[in-house]
Amino acid sequence: MRKMFLAGNWKMHYTSVEAAGVAKQIVDGVQNINDDVVIMITPAFTSLCKVCEVTKGSNVLLGAQNMSYENSGARTSEISPSMLLEFGVDYVILGHSECRTYLGDTDEVINKKILAGLKHPFKYLILCIGETLSERENNKTLDVVLNQIRRGLMSVSESDLKRIILAYEPVWAIGTGKTATKEEAQEVHRAIRLEIESLYSTSAADDIIIQYGGSVNVDNVGGLMGENDIDGALIGGASLKADSFLNIVNKVAK
């Protein structure tokens, strides 16, 4: 049985001191959570140093929001895998729609980042995929999402796939207050799992974690997580306050 992976993505919020404070509340709040739920928080790069002091030795995994596919060199403003590992980073989010939109990350670049990350001892790499509103309205959702998966996972072996988490985030639902219905989300998640079966194997498809992201909150998370092919959530705004994030965690962990 697959575990539930609940990841908070704090985006460009909080100073390092503020982030450490929220992290401490979350760490304290999930000490007795059952083993079937994995808790993850993803602060800004500038907060990793202080937050890692809070998460170290706890049952909360620490993540980064992006990284370079190069390990060093003339890459002004970028962060390398080795730099992230120095701060105890357990996982990295790659291919988030905001990075695709504002930073110009293409499927090819994201694939390079995935392959680079697999050469380092991260526990997980989260590959984000999702369609825009116009793509959904033109019935291109599955074409877009499955192509992003094929390109993002190019040259990834089945053994390495065990360290990959997929996160379906419809772009039109991120930060808008809109969310896919549980039926809409399940339809896409099922198609993703079948695509993994086609690319790899039935066992790989059965094992891979597929999160949902897009205005997840305490009111809709129960229905979403009740679907067969949804294995957790990548949570934005509702993860910024410890209380709201812990409410989601506790609802899923029941």
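Including glycine, each Cβ sits where the backbone N, Cα and C put it.
The record from Swiss-Prot ties N9, W10, K11, S215, G236, G237 to substrate, and of the options G29, G57, G73, G175 it ties G175 to that site too. The highest number of surrounding Cβ atoms within 10 Å, among the binding-site residues G175, G236, G237, is found at G236.
Applying an 8 A CB threshold to same-chain residues 6+ apart, the list for N9 (substrate binding site) reads T42, Q65, I93, H96, G213, L234, I235, G236, S239. Residues I174, I235, A238, S239, L240 surround the recorded substrate site, their Cβ atoms falling within 8 Å of the Cβ centroid of N9, W10, K11, G175, S215, G236, G237, which are themselves excluded. Cβ neighbour counts within 10 Å, taken over all protein chains shown, single out H96 as the most crowded of the recorded positions K11, H96. Mapped onto three states, the DSSP output places N9 (substrate binding site) in strand. It is W10 that, of the binding-site residues W10, S215, has its Cβ surrounded by the most other Cβ atoms within 10 Å.
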